[in-house]
Amino acid sequence: MTISQAAGNVCTVSALNTKKHQTTNSVDSEVIYLPNTDCTIKSQACLSAFTSYRVGGAADLYVAPRNLEALQASLKYAKEGDLKVTTLGAGSNLLVSDGGISGLVIATRHLRFSHFDPQTGQLTVAAGESIPSLAWAAAELGWQGLEWAVGIPGTAGGAVVMNAGAHNSCIADMLVSAEVLSPDGTLETLTPEQLGYSYRTSLLQGGDRIVTQATLQLAPGADPAKVVAITKEHKKHRLSTQPYNFPSCGSVFRNPKPYSAGWLIEQTGLKGYQIGGAQVALLHANFIVNRGGAKASDIFCLIRHIQHQVQERWSINLEPEVKMLGEFQGAC
């Protein structure tokens, strides 16, 4: 399969031989149907449309299952074809290379359901549910515990994997259990202790297991108006301190305690520094924004430049929070 790219990551679809995974000279992609499901696999799917940075090349193969059975069928298809599997949630904490991703990309954004249990105060959600939407839903019911998460740009599955957090709270604080799917199609329910949580990370990162659903412990019974008001304040604070006028992935670097990554970058004089269409945000230095026409390589090289400059001045190695997918060798 081939990817034709111009400025702004324009992907040209080439056809896929559904039996041998070989390209043809046609520009019309054949459709791959997963047996016993209503799921189809796309070839050469442009990933820029599925990432918050709005950059990146194409996936060799892309599938977005809508239920557990289709997800298991997708993994079986990958195993039988000896395909590498990459999981994609909301694409809000990712940088996909301009060359795209080989193998099969499985998007979990269509895995959707949520259940608020008033007897236990527990919220069970599918991996593809939006974290901000869940925060608003909980607030409107008078359930406390997710107010801080209203500005987290991602899905429940991604939040569980990276231990998403804000305002001194995080997913690990309220997670009861997570259901994960192994490459062989078996399901397992894991506790927070088994997930090995620490700051913005878990044992699921870098692994091949996929989160299918999670159960969170919340606190029902509060006045909905008060919970909504607190949630609105968190959202207002987020909007006033972080850039939302341009595409970004959220925070780029983990905070190297006791310092703030944004403060270190700002004190190094890098606010507003730009490579191509990628810029260190003026509002918050731990954000890199796509000012328009940025390539993944622009963002990657800006990340490396920031790391180098901060290391030179402060002798501190900034560790990226953003996950990089694809090949970046020789990008800078």
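Backbone N, Cα and C atoms are what each Cβ position is placed from, and that goes for glycine too.
The domain 'FAD-binding PCMH-type' feature in Swiss-Prot is assigned to 55-221; the stated evidence is sequence analysis. Annotation source Swiss-Prot lists active site at ARG200, GLU321. According to Swiss-Prot, the active site, proton donor annotation covers SER251.
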Taking 10 A as the limit, how many CB atoms besides its own sit near the CB of SER251 (active site, proton donor)?
20
I'd like to know the mean pLDDT over the domain 'FAD-binding PCMH-type' (55-221).
96
